[in-house]
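Trainee: Can you read through this structure? Questions will come right after.
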Amino acid sequence: MLRGPWRQLWLFFLLLLPGAPEPRGASRPWEGTDEPGSAWAWPGFQRLQEQLRAAGALSKRYWTLFSCQVWPDDCDEDEEAATGPLGWRLPLLGQRYLDLLTTWYCSFKDCCPRGDCRISNNFTGLEWDLNVRLHGQHLVQQLVLRTVRGYLETPQPEKALALSFHGWSGTGKNFVARMLVENLYRDGLMSDCVRMFIATFHFPHPKYVDLYKEQLMSQIRETQQLCHQTLFIFDEAEKLHPGLLEVLGPHLERRAPEGHRAESPWTIFLFLSNLRGDIINEVVLKLLKAGWSREEITMEHLEPHLQAEIVETIDNGFGHSRLVKENLIDYFIPFLPLEYRHVRLCARDAFLSQELLYKEETLDEIAQMMVYVPKEEQLFSSQGCKSISQRINYFLS
């Protein structure tokens, strides 16, 4: 059940409880000495003896219930039976302590054989991250939280959710993906329920696409069998082979064939791509020149252009895949190009994350080090907020 140093830690904790379980075979000074005339035969002491025995039995029940609650695989049948029916009389305060102890332990250790107990779905934290840590992406802030939360709160979704993030490098695609992972799963990217694939790293050679398909299908199936809520992230999605993306088709069809339905009720596919980021920039620049404010730009201004351009792009497998052609992607989410003011905010956040003091002049210096385009307007940072941390190190050296 408990192994290594954990056993000593929990035994020490249990000693603090009234009537903590004693080692087997340990004798008590008052047992076997109740002959007439003995001090142990005093009626008051006998009542105390009975109360101590009852307290000891209760502590053993605490321990048995807690261990079976946290380590169900290691819980022996006789231990489960010893807990008695659910209605056994556990004092209210003791139940609260037990719940607190279980919650505390499960906050940093696995408590069940599946990864489900590590799913947090912290939508409040996700909302805070999107609104406070992400800059210049009002469309992402509006759409991602609403879409993901709505999907995960649907009792029986008809299909997996597919979101495709598009935009220039450094605009926040990977940043938002990490926010999702960290707020939906306690273990983040280390969660058994999350898988991340980088196209050029995991699937580098087109000639092995059939082998990659088998491997991908196997990993998806194993992850779904382990967790009822899974997340699969595909970085550099524009470099994925169209045949490889076919594997995902059955999960994204609204009425998938019976043999191809997702084994986990909730599955999210997240695609990250720089594909057609230039189109997003062109549309945004045109709207800004026409007098629109950045915050007035809507999905209707961008998504139709973005989707059409992705389909027409010749040199990428993602646009030619069945997922795009048959509209199996739920949302193409544009990440807008970042301006000078957004770069300053990224620099400020980088200082704060390292608990470093900064001056407003320093933020300006860092922002001015970035290259801005187009050549005439000098409006958008060509690298977004990428390399901000490295530039801060320059000021600290």
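Keep in mind that glycine also has a Cβ here, set from the backbone N, Cα and C atoms.
The signal peptide annotation in Swiss-Prot covers 1-25 and is backed by sequence analysis. Residues annotated as N-linked glycosylation site in Swiss-Prot: ASN122. If you look up Swiss-Prot, you'll see GLY167, TRP168, SER169, GLY170, THR171, GLY172, LYS173, ASN174 marked as ATP binding site, on the strength of sequence analysis.
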Trainee: Write out, in the order they occur in the sequence, the residues of the chain not among GLY167, TRP168, SER169, GLY170, THR171, GLY172, LYS173, ASN174 that have a C-beta within 8 Å of the mean position of the C-beta atoms of the recorded ATP site.
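Mentor: These residues sit around the ATP site: PHE175, ASN274, GLY277, PHE335, GLY384, LYS386.
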Trainee: Minimum Cβ neighbour count within 10 Å among the binding-site residues GLY167, GLY170, GLY172: which residue?
Mentor: GLY170
Trainee: Using a 10 Å radius around its CB, how many other CB atoms surround THR171 (ATP binding site)?
Mentor: 32
Trainee: I want to check the contact list for ASN122 (N-linked glycosylation site): same chain, sequence separation of six or more, C-beta distance under 8 angstroms. What comes out?
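Mentor: ASN122 (N-linked glycosylation site) has long-range Cβ partners ASN183, LEU184.
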Trainee: Where does GLY170 (ATP binding site) sit in DSSP terms: helix, strand, or coil?
Mentor: coil
Trainee: For TRP168 (ATP binding site), list the number of other Cβ atoms lying within 10 Å of its Cβ atom.
Mentor: 23
Trainee: What count of other C-beta atoms do you get within 10 angstroms of the C-beta of LYS173 (ATP binding site), across all chains shown?
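Mentor: There are 26 of them.
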Trainee: Could you tell me which three-state DSSP class ASN122 (N-linked glycosylation site) falls into?
Mentor: coil
